[in-house]
Amino acid sequence: MESHINKDLVGGTALHTYHPCRRIVPYRIYAVIHMCGIVTLINNHVHSLVTADKTLITSLLLLADVVLAYMWITTAALRFNPVHRSEYPERYVAQPEKDFPKLDVFICTADPYKEPPMMVVNTALSVMAYDYPSEKISVYISDDGGSSLTLFALMEAAKFSKHWLPFCKRNNIQDRSAEVYFSSKSHFGSDEAQNLKMMYGEMKSRVEHVVDSGKVEADFITRDKSRRVFDLWTDKFTRHDHPSIIEVLQNSETDMDETNKFKMPNLIYLSREKSKVSPHNFKAGALNTLLRVSAVLTNSPVILTLDCDMYSNDPVTPIRALCYLTDPEIKSGLGFVQFPQKFQGVSKNDIYACEYKRLFEVSMIGFDGLMGPNYHGTGCFFNRRVFYGPPSNLILPEIDELGPNQIVDKSIKAQDVLALAHKVAGCMYERNTNWGSKIGFRYGTLVEDYYTGFKLHCEGWRSVFCTPKRAAFYGDVPKSLIDVVNQQKRWTFGFLEVAFSRYSPMTYGIKCGGLLLGLGYSQNPFWGIWSIPVIVYGLLPQLSLLFRGSVFPKTSDPCFWLYTFLFVGAYAQDLLDFVLEGGSYRRWWNDQRMWLIRGLSSFFFGLIEFTLKTLNLSTLGFNVTSKTNDDKEQSERYEQEIFDFGSSSYMFLPMTMVAIVNLIALVWGLYCLFSLREVLVLDLMLASFAVVNCLPIYKAMILRKDDGKLPQTVCFLAGIITFGFIVSGYFIFK
Ligand SMILES: O=c1ccn([C@@H]2O[C@H](COP(=O)(O)OP(=O)(O)O[C@H]3O[C@H](CO)[C@@H](O)[C@H](O)[C@H]3O)[C@@H](O)[C@H]2O)c(=O)[nH]1
Ligand SMILES: [Mn+2]
């Protein structure tokens, strides 16, 4: 594994090096011990299932433990060979600039109200101003919202960038998102900076005015040429039904910055054709249109994909990626370089665990020792060739102009070039082609990123995880519980679509990529079934305790120690992973709590919705996460780390119910302990663990008065369901 990378060249000329993590050996030894524990436990369950009469309870516990074991094994696969890498951008820039490859940047946006156009503007500015030859950069913005407001904002961005770029480059500014730069300092030394700040402020208020008023008024458009494109927004135009719009807002062949020193990067607005009768495949569809349109206009060999909320935080990022992508020793099989998703404005202890440390970091260094990290949908530099079949087998698209090796020698403003670009952005274009199956980003799931990365690895492409100290990108996270659990429900649903497809990682993945990779890829798709152990352990022992006594072994039974060992061992290793990768203890605690909460909301309802879809009863769309923080009180609650339930949603019912049941069980367990002298160690431990985790729920039910408290309807319904549950427990157990 990894023999193609020379790891001893530090100080030499290597562009990058890697080293395995030190924890590998102890982890492998522990894995064997933990595995023996799991086998013994399952064996015990099966034994008591055959011999004793508590069939229902035992089978449920068996099921829950099998799922837990499965989750543990898939995690262990990614603990087998974690690696860290370093790259040396200063060595890359030593070569002449003319050898740097061209770079196409794709930015996706889908809704001007959930994703404010100023956010898109700043993301675009931050990449246009990269420390990279500007004329080699082309920035494409795909607007699935089909919004004239976003187009207007980008026209403003083009004008402002002519001042912003030279300013950043001359003064070696690190924050190249103008918003971040201007809000980080209260006053600026130079007049130039002051002027620019004013200019930015004016642009921002123009854009926000247009967004607030909902339309682009004629006097806001200064140039006649720009006016014409807004005529496309006729009365019949809706975001679900409109022609394709491609507008070159800035052209590197002709546009210079205001000092006349630098050529400006290309900036292109694209809103693909939409029609209600043809499926548009959400973000994957948008990305494939971007792939085709950019192939026609610029066809750069390197592609960066970004979500509109992910601004660049470090101007040397492309050079870092190129340290891998252009290394002659590995480049032929290297498909992409993924940077971790990092987020701005996460609360101090990350109460909603939106940092996703395991998902975006811990697991990724594990994958990196196998075939490389998975694709995260944003912050990823691709080798364009990766979208056209396995490394050894180029699959050509239906027309030559879209091939990855095609050389573009015409102006991006040429009539025939633009006509072809419009054609390939048409909503019928993909019919009877390989797009979405063998070519481009893959369709068939709401988690197109995960699925595409997985399929590319199965084809034999490798990838690299690049984690510089200074975060390369910063994105946005949902900041209220309902947004968090809804986002995760969409992911759970998308994952299940992959899990139960022909290309399930459990079967196809293991066949193509080997046991470890297949297992590593098998964790996320089955997030939905994680809800089973959380529900079983959250309700069953508690209910049994109330009517028939403990389901757990007594302290004298060796099995007691087995349970304790497995629980403590799994938890301790999770904590260790988290802390070794730079996390804090408090953040880990919140992270494990969110796992339980997701198990009882996102994973559970994701599983239900997926079942409904399988039965053809309903389906879930791509509900874009809102990135606006208008609600001041809500932002304050987030800052203070107070749970924000806010809306009455069925998503909160199961967790509220589990909270109530565990409190009752704990009180009852303590009563047994003190008055009946019955020591129920495991039951008490479990119930107290649940109660401690549920503290924010109790507070939100009883103590709070603010808008973020748990709505009364939810409490009331959860109360009724709990009552019904306990009553039925009485009949089942007595
Ligand atoms: O029809 C659509 C829907 C979404 N998007 C864009 O997709 C991106 C991600 O959407 P968001 O609502 O922010 O979803 P998240 O759950 O936050 O995104 C994560 O999960 C997605 C897969 O579900 C990945 O595509 C993303 O890269 C990853 O950050 C945004 O830029 C959207 O504008 C589109 O372009 N077209
Ligand atoms: Mn997002």
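Just so you know, glycine gets a Cβ as well, placed from its N, Cα and C.
Automatic prediction, not curation, is the source of TrEMBL annotations.
The transmembrane segment annotation in TrEMBL covers 29-50 (among others). Long-range contacts of the transmembrane segment (29-50) within the same chain: residues 58-59, 61-62, 65-66, 69, 72-73, 76, 79-80, 559, 562-563, 565-566, 569-570, 573, each at least 6 residues beyond the stretch ends and with a Cβ under 8 Å from a Cβ of the stretch.
The transmembrane segment annotation in TrEMBL covers 56-78 (among others).
Per TrEMBL, UDP-alpha-D-glucose binding site is recorded for LYS114, GLU115, ASP144. Under the three-state DSSP scheme, LYS114 (UDP-alpha-D-glucose binding site) falls in the coil class. In sequence order, VAL624, THR625, SER626, LYS627, THR628 are the residues near LYS114 (UDP-alpha-D-glucose binding site), counting only same-chain partners six or more apart with C-beta under 8 A.
Residues annotated as active site in TrEMBL: ASP144 (among others). Within 10 Å of the C-beta of ASP144 (UDP-alpha-D-glucose binding site) we count 24 further C-beta atoms, all protein chains included.
Per TrEMBL, the feature Mn(2+) binding site maps to LYS283, ASP307. Using a 10 Å radius centred on the Cβ of LYS283 (Mn(2+) binding site) and all shown protein chains, the other Cβ atoms total 22.
Secondary structure from DSSP puts ASP449 (active site) in a helix. Residues or ranges marked as active site in TrEMBL: ASP449 (among others).
Nonlocal intrachain contacts for the transmembrane segment (526-548), taken as residues 6+ away from its ends with a CB within less than 8 angstroms of a stretch CB, comprise 57, 60-61, 63-65, 67-68, 70-71, 74, 491-493, 495-496, 499, 595-596, 598-600, 602-604, 606-607, 610, 654, 658, 661-662, 664-665, 668-669, 680, 682-683, 686-687, 690, 725-726, 729-730, 733-734. Per TrEMBL, transmembrane segment is recorded for 526-548 (among others).
Long-range neighbours of the transmembrane segment (595-612) within the same chain, counting only residues 6 or more positions beyond its ends whose Cβ lies under 8 Å from a Cβ of the stretch, are 353, 481, 485-493, 495-497, 500, 527-531, 533-535, 538, 618-620, 650-652, 654-655, 658, 690, 693. As annotated by TrEMBL, transmembrane segment applies to 595-612 (among others).
With a cut-off of 8 Å between Cβ atoms, the residues of this chain six or more beyond the transmembrane segment (651-673) that come close are 481-482, 485-486, 489, 535, 538-539, 541-543, 545-546, 596-597, 600-602, 604-605, 645, 679-680, 683-684, 687-688, 690-691, 694, 697-698, 701, 710, 714-715, 717-719, 721-722, 725-726. Sequence annotations record features per position, and here TrEMBL assigns transmembrane segment to 651-673 (among others).
Distant neighbours of the transmembrane segment (680-698): 537-538, 541-542, 545, 549-553, 555, 560, 563-564, 592-593, 596, 642-643, 655-656, 658-659, 662-663, 665-666, 669-670, 672-673, 710; these residues of the same chain sit at least 6 beyond its ends, with a Cβ under 8 Å from one of its Cβ atoms. Feature annotation from TrEMBL assigns transmembrane segment to 680-698 (among others).
Packing against the transmembrane segment (710-733) from elsewhere in the chain are residues 56, 539, 543-544, 546-548, 645-649, 652-653, 656-657, 660-661, 664, 697, 700-701, 704: each is 6 or more residues past its ends and has a CB under 8 Å from a CB in it. What TrEMBL lists as transmembrane segment is 710-733 (among others).
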Discussion item. Using the CB centroid of LYS114, GLU115, ASP144 as the UDP-alpha-D-glucose site centre, which other residues of the same chain sit with their CB within 8 A?
Written reply: THR109, ALA110, ASP111, PRO112, TYR113, GLY145, CYS308, VAL624
Fill in: In three-state DSSP terms, the structure that LYS283 (Mn(2+) binding site) belongs to
helix
Worksheet item: How big is the UDP-alpha-D-glucose site in terms of the longest C-alpha to C-alpha distance among LYS114, GLU115, ASP144, in angstrom?
Response: 12
Worksheet entry | Where the C-beta lies under 6 angstroms from ligand 2, the matching recorded positions among LYS283, ASP307, ASP449 | ASP307
Worksheet item: Where GLU115 (UDP-alpha-D-glucose binding site) and ASP307 (Mn(2+) binding site) are concerned, what is their Cα separation in Å, rounded?
Response: 10
Worksheet, complete the sentence: The recorded positions listed are LYS283, ASP307, ASP449; by CA-CA distance, the one closest to ASP144 (UDP-alpha-D-glucose binding site) is LYS283
Worksheet item: Given ASP307 (Mn(2+) binding site) and ASP449 (active site), what distance in Å do their CA atoms have, once rounded to a whole number?
Response: 12
Discussion item. Whole-number answer please: how many Å between the C-alpha atoms of LYS283 (Mn(2+) binding site) and ASP449 (active site)?
Written reply: 9
